[in-house]
Amino acid sequence: MKNALITGSFDPVTVGHTDIIRRAAEIFDSVTVALCHNTEKKYMFTPEQREKLLTLAVSGMKNVKVAVCRGLVADFAAEVGASVIVRGIRNPVDSAYEADMATINRGLGSHPETVFLPSKPEFLHISSSYVRDMIKYRQPLDGIVPEEAAEYLRSLTV
């Protein structure tokens, strides 16, 4: 049984994130999506809000569960029984960063492998930063955040 781990700050979750999660769920037996905290980032939403948004976004995916990662990703992969870390790649900058992270993770903990899934063309421009800008300027969120999470997200930004 192959279990995969997808990590991110998901501030907030986007349709690009859920596309990667859905595709991973089709490849692997189970997928754990872990909400992580990056000390280098400033967040728009609290960890609890991000966890709820993420849970809503994956609610229809039977072999996907949401968790919170409070330590090293490689250690957390071992904790949840994931032998593979899945990362979405939108562009060469993502690719270089994720390749470095894969090397680091492989040297830690359970030595998980990293699998890269390229973003579909229609999602290349969508990032959490883009969504936060749309929220800041009170623009529509249709097509950039998962429908399952959109209503809750709107309630947070009114």
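Glycine residues also receive a Cβ, built from the backbone N, Cα and C atoms like all the rest.
TrEMBL annotations: computationally assigned, not manually curated.
Per TrEMBL, the feature ATP binding site maps to SER9, PHE10, HIS17, GLY88, ILE89, ARG90, GLU98, PHE123, LEU124, HIS125, ILE126, SER127, SER128, SER129. The feature substrate binding site is assigned by TrEMBL to SER9, LYS41, VAL73, ARG87. Here TrEMBL flags 6-133 as domain 'Cytidyltransferase-like'. Annotated site 'Transition state stabilizer' per TrEMBL: HIS17, in sequence order.
When the Cα atoms are compared, ILE89 (ATP binding site) and LYS41 (substrate binding site) turn out to be 19 Å apart. Of all residue pairs in the ATP-binding list (SER9, PHE10, HIS17, GLY88, ILE89, ARG90, GLU98, PHE123, LEU124, HIS125, ILE126, SER127, SER128, SER129), the one with the greatest Cα separation is 18 Å apart.
LYS41 (substrate binding site): 12 other CB atoms within 10 A of its CB, across all protein chains.
Summarised as a single figure, the pLDDT of the domain 'Cytidyltransferase-like' (6-133) averages 92. For the domain 'Cytidyltransferase-like' (6-133), the DSSP counts in helix, strand and coil order read 55 helix, 26 strand, 47 coil. Neighbour count (other Cβ atoms within 10 Å of the Cβ, all protein chains): 16 for GLU98 (ATP binding site).
Comparing the binding-site residues SER9, SER128 on other C-beta atoms within 10 angstroms of each C-beta gives the minimum for SER9.
The shortest Cα-Cα distance from SER128 (ATP binding site) to any of the binding-site residues (LYS41, VAL73, ARG87) is found for LYS41.
Annotation for LEU124 (ATP binding site): spatial neighbours ARG90, ASN91, criterion Cβ-Cβ under 8 Å with sequence separation of six or more.
Cα spacing between SER9 (ATP binding site) and LYS41 (substrate binding site): 9 Å, rounded to the nearest whole number. Considering only the binding-site residues HIS17, GLU98, ILE126, no residue lies within 10 A of LYS41 (substrate binding site) on a C-alpha to C-alpha basis.
Rounded to the nearest whole angstrom, the C-alpha distance between GLU98 (ATP binding site) and ARG87 (substrate binding site) is 7. Cα-Cα distance from ILE126 (ATP binding site) to ARG87 (substrate binding site): 15 Å (rounded to the nearest whole number). Within the same chain, residues at least six positions away from HIS17 (ATP binding site) with a Cβ under 8 Å of its Cβ are GLY8, PHE10, ALA57, GLY88.
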